[in-house]
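Here the structure comes first, spelled out in structure tokens, and everything after it is commentary.
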Amino acid sequence: MATKFTKNQQRAIEEKGHNILVAASAGSGKTTVLIERLIQKILSGVSVEKFLIVTFTNAAAKEMRERLEVAIEKRLKVADESQKRFLQEQLLILPAANISTIDAYALRIIEMYYHIIGLDPQFRLLSDTAERKLLQQDVLTDVLADFYDENNIHHEQFLTLVNNFGNPNQDDQLQKIILKLSDFAEARADGNEWLEKLREPYEVTGEPLTATALYVRSIRPIILEIIKNLIKKVEEVQLTITGIDELKKTQDAFLEIQDYLLLIQDKAMVAPWDELREAILDTPSGKINSQTKAIKEDPDLSATLEVARQIKGQVVGVKSQMNSLITSYFALDEKSWQLVQKESYKLIDTLILVTQAFRESFRRTKREEKLLDFPDLGTLALAILSDDVTKQTIQGQFDEILVDEYQDINQLQETLLTSVSNGHNMYMVGDVKQSIYGFRQAEPSLFTNKYKQFAKKESDDIRIDLADNFRSQNNVTNITNLIFTQIMDETLGDIAYAGEAKLVPKAAYPDDVPAVFHMDIIVEDAEEDLETDTEVFEKRQAQYALLAERILKLRETSIFDRKADPAGLRPVEYSDIAILTRAKSGYIDLVSTLRAAGIPVQVEGVGNYFQTMEVYLMLDILRVIDNPHQDIPLAAVLRSPVFNFDENELAAIRIADKMHDYWTALQAYAQQDQKAQNFLNLIEKWHAIATQNDLVALIWAIYDDTAWLDYVAGMPGGAQRQANLHALYEYARTYQNNTHSGLFRFIRYIEQLQSGDSDLGEAAQETDAQAVRIMTIHASKGLEFPIVFLPEFDKSFNTQDLKGGLLIQKNEGIGVEYIQPDALVMIPTLQKLVVQQALKRQSWSEEMRLLYVALTRAEQQLYIVGSVKVKGEAGNQSLKSLWQQSKNANGQFLPEFLRLQADSYLKWTIMSLARTKNKVLEDWLGDGQLPRLVGSETPLTGKVAVTLTNQNEIHAPIASTKGSELVEDGTYSPMDFDRAKTILNYQYANLQATQTAAYQSVSEIKQIFEDPDLAQMQTAVITENGQLQPANVLKVDELPLPDFMNDGSQKPSSSAVGTATHLILQLIDFTKINTVQSIEKLRDELVENKRILPSVAPLIEIDEILAFLQSDFAKQIIAHQKTLHREATFAMIMPANDIYDTLEDSAPVLIHGIIDGYFVDEASQTITLFDYKTDFVRNAQIDEDLTKLQARYKGQLHLYQQALQREYVGYQVGDPQLIALNVGRVISVK
């Protein structure tokens, strides 16, 4: 059935001849529209080679390519003969099409045109973030050493800079600043020019302060905004108290405050700095008689008393705002500020000098080592495009440049793409409301500028809005609109959430599907506003416990599912639920709480690889080998299960030498203890390997000598632990292959990964599909879930970027704190105050967009969980104050100063509900008065269910465990004896099934199909009454000898050779390995990695493998590389009597196995499975032996066939292909 597109979707598909910006809101079918646009262009004769399609992740590019391939194949089935050939050509060239990340495309330009800029083509991409940081650190260390040199002409200025941010012995802070400044510059096409301009705000030109660009452009707007908001607040108070005679003096006091604010507003426009400062310092007393005796004693004036109390709070708020101005911008007079600016200019000038020196040195080092990093890609590609001939050539290659997720683009990437464009063929798709990658230098203003410009009638370019939301149940969409039509505008959020920017509910759900937008507020008693670590933990635990309880209850309900029959409803499954968080910090507690409640979980993207016990211990061993004079790693290694020194032995080591470090004490202790001496001998052996710079050999030697791999296999989660250790070996090999060597540098590399929040996920293992998914909001972007939970909604926004001695903001530049050397006084410069305010707006805007992403992930039900203190939060930032001020606000959007005061998603949400009817919140926070009308853009049809729960009443649910009840008094009733007799006399109905293995491998049960009587001839067991009875379990008697029993004299078994041959065929690259030498190389690598025994390797028939690789069937495999599956595991249930003729019942048996390989032909919807066999076949009797071979494995292969047929519904699984390697024949098994 063809997709029915909306009017705007159709426009987005068909429009051409302009630059086009598609503003695609959440759930608007953006990807479907993109693919349809591409397909329509292809059907009109435009080749996929004529498209440049860029997005921001490799996964997104891969998905785009796959979806386009599926769409072409679909059209191919219904195409006429004239189109078929063209579409088939498109499928052939699709793998080489320009569908990639922007960096990948820039790399392609460099690889093709490197000669234009004189670049050595033998470069390596520095894609490892930790490796790049290490190289940066080494280069920076050398650069700083040069500036520390007294002979350097900038030495004195440099020392002043160092002392402003630390001291020569502790310049870590300065190093971080230089690296961060460099990163900002690298995200721009004009990086060097941007750095040079950072001095400008600090230049003292002699002109009055209020005439400088810094004041006119930045400081004055901030002052006027604050004053405007305060005047508005004062006017609202005056309206409230007008006509109340008892508050006449209060009215006079507010008139005085109003006159004061109006005076400052005027002077900010024209007065010199010192005159303005004097006016601001002359604050009115603001004394009000808000609680006179007459008001208190008259019960009829209780409402007036409440108003008076509120007014007092408003006065406190006004004074607080003015005090913040006085203690920041107006802390100094003009002469003092100019002195601070002058000295700060010297700091900034030196900082830029050092940063430029670092950038140049880093660039030179990369060239010398033939390295390119990701920022280089865009810069060098632009340098190539500066050649006019090359630029015109590249521009002529593309009919259209399609940019997905355009809101996440940075300035350098924008410049690159516009350089490739011919000026009217850019097709940009995105949603600025979902721009959440500011930490990667994403520039949402690039989107918003076009959003406004392209909407103008005189513009040659066009904007198309896709606002229809086909994902979320209408109530979720309406509440999302209710919130954002009040908090997101151009000043906070970068776009006014109104008109076309709003979501339009279009999702088709039946009326009986529950409309759930639930807010759980946990109320906690607290006397102090400042939270201790214990309070944070208890608050978090309470939220997680409540969340677990909600999930368990949801499992008893139903959700809508279009695939469900007959009513479209089915029970809620764990996999329907996602928990989205702002950060990963609470994951350990969250997972623990959910699992304790019996809820399975799957955690996405948690970097905890280096924290796993088995890997952490290996890193400690490496640290000890590199430098044994580290007490903590050494003690950890000794105490570990590998060496098993107990507390008494550790104490004895310390006693052996109390004066020196622990390593020296261990050496002394080893003179009288063999166990300690053995440890020293091992460390010495490993150190000798380490000195040879063979990191890979060292790690494997540790595994060999300690049997650590085998040990962890016996621990809980043993397979995962072994995978982690194998992964460490692979990381080391990759590191070493990248021309790096040395244990010390590898340890630094790992520590860089850890300290840079770049920890890796554990080695991949199969995950439980039926589990609640836990991920960050960032990771959830682009995904959707039937039910979404948002815990820790009260968590304060991260303000780390607003702190520190130097702040950087892409538009305002850098703000520095100047430390006066003599007085050691730290003074935030005016520029720093401006930058800090800009950073706060930028950070709050990003948080607002993150909130939008979080809310729009939910399809049917959304649950918010947060905690609130009922005491301790004083002043105008208290939740009650925010509620009241929001309730009394005028206009569509809540006042900006209120939105900036709120510091959590919960506060924004509650503020948005203040002007709606919500009885629970009004009873809790309100004053009983009716709210002001909310703006016309805000829908009032949505329903928010609010639940208030005391934290002390929450208890985490625990999964129930069934067990027998204990009788404590030792007495038993007749009912107990009857129950016991029933249990003892119980006859199990399926006794035969207990004598049959419920879990059987295909390689074992294939013997039954080979000889049906074999089941009767299996090992018999003797029962207690002396009767013989078959065990009904198939066994493989041939087991490899353990290493300590194998002296090398025993010839490897044929099965061992067969296993090794299978391993080679499992790992071989059909497209590259096609010679005897290449197969032998792979075999030798597997021997070196100890995956094939040295005694087995010579027995592998290389010629047989090569003959197969050159066969027609191998060519079929190569043609289906994209759909080829090797070593595919499966499991399926079969009735026992289908396998065991001796059984009468049909009790289920779990069959598991591994298929050597199969490939899928999407065009014909068929599957071909194949299986390698190394059995000996006699050439003289080849037909007879092949017939026996076919009979021997027929049952096994038919089980594989059944398994694939169950997995691929709608596909036809053909006859299995048995590959007899010994004679190079492929047999079709009927």
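Here, residue 1 is simply the first one shown, and the rest follow in order.
Including glycine, each Cβ sits where the backbone N, Cα and C put it.
If you check Swiss-Prot, you get these features:
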type	residues	note
BINDING	ALA24, SER25, ALA26, GLY27, SER28, GLY29, LYS30, THR31	ATP binding site
DOMAIN	3-473	domain 'UvrD-like helicase ATP-binding'
DOMAIN	500-782	domain 'UvrD-like helicase C-terminal'
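Feature map: Swiss-Prot annotations on the structure.
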| residue | record | Cβ neighbours (10 Å) |
| --- | --- | --- |
| ALA24 | ATP binding site | 28 |
| SER25 | ATP binding site | 23 |
| ALA26 | ATP binding site | 23 |
| GLY27 | ATP binding site | 24 |
| SER28 | ATP binding site | 26 |
| GLY29 | ATP binding site | 20 |
| LYS30 | ATP binding site | 22 |
| THR31 | ATP binding site | 16 |
Across the domain 'UvrD-like helicase ATP-binding' (3-473) the predicted model averages a pLDDT of 90
In the same chain, outside ALA24, SER25, ALA26, GLY27, SER28, GLY29, LYS30, THR31, whose C-beta lies within 8 angstroms of the Cβ mean position for the ATP site?
ASP431, LEU466, ASN469, PHE470, ARG471
Can you tell me whether DSSP puts GLY27 (ATP binding site) in helix, strand or coil?
coil
